[in-house]
Amino acid sequence: MWNEKNLFTGCVDVPLTTKGVDEAIEAGKRIRHLPIDVVYISALIRSQMTAMLALTEHHCKKVPIIVHDETEQAKVWSQIYSEGTEMQSVPVIKAWQLNERMYGELQGFNKLETAERCGKEQVYKWRRSYDARPPNGESLEMCLRRAVTYFKEQIEPQLSSGKNVMVVAHANSLRSILMYLDKLTAEEVIHLELSTGVPMLYIYRENQFIRRGSPLGSTEDGVYAYTENLALYKQNLLDEVLDEVSL
């Protein structure tokens, strides 16, 4: 809802707009036939809303259950004792490490007014450089460090065990993870743009991540693009598809 007001949101816990709700439902329709064994979300409500709304569209009709393991009491109180019911559930794991980049003292301020007050070049540097950080906030590099570390330590072992994983996070934490998955440079990642509410599919095989684009939706066919190299990205993706067909 703060995006709609053009405010810096960062780690402030702001919910989705009605447009965001619609995008989440549409995202769920795109992935409704993909197997999902476990879901990872951030500690922010907009990530949680997106995941839950998307999963209402899934064909398996399993119930997403947020895992509460903050304390021993939380584990006991939220335990599912029916094995049959547990098999019809999808565990949803909440991790603050997947939160949006923390924008520090910019959070809550209007982006346009901030650019007028601090200068457009300075605000652009805070928002788009790899290692510059807003006052008392995080740089993209700092966000990447926590998000990718969590991905390697918690999510990759799930993939290695054969689990199908869905990650629902935010622009900068997802950009950080994609930098790792696609082996992007710092220069490439700052030009990386993500479409909100559009799922991205990766295949994990022999410790390698293979990008497979997006399950097609009703309104758009793009997932992400380097702003200066969109045509090249689409051509490479097409070439991969044609190579697979020829095989």
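Any Cβ shown, glycine's included, is placed from N, Cα and C.
All annotation found in TrEMBL is predicted automatically rather than curated by experts.
The annotation substrate binding site is assigned in TrEMBL to T9, G10, R46, E100, R101, M102, Y103, K111, R127, R128. The feature site 'Transition state stabilizer' is assigned by TrEMBL to H170.
Mapped onto this structure are the features recorded in TrEMBL.
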residue	record	Cβ neighbours (10 Å)
T9	substrate binding site	21
R46	substrate binding site	24
R101	substrate binding site	26
Y103	substrate binding site	24
R127	substrate binding site	19
H170	site 'Transition state stabilizer'	24
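Residues T9, G10, R46, E100, R101, M102, Y103, K111, R127, R128 are the ones the record ties to substrate, and the longest Cα gap between any two of them is 22 Å. Between the alpha carbons (Cα) of Y103 (substrate binding site) and H170 (site 'Transition state stabilizer') lies a span of roughly 13 Å. Across the structure, R46 (substrate binding site) and H170 (site 'Transition state stabilizer') are spaced 9 Å apart at their Cα atoms. Among the binding-site residues listed (T9, R101, R127), R101 has its Cα nearest to the Cα of H170 (site 'Transition state stabilizer').
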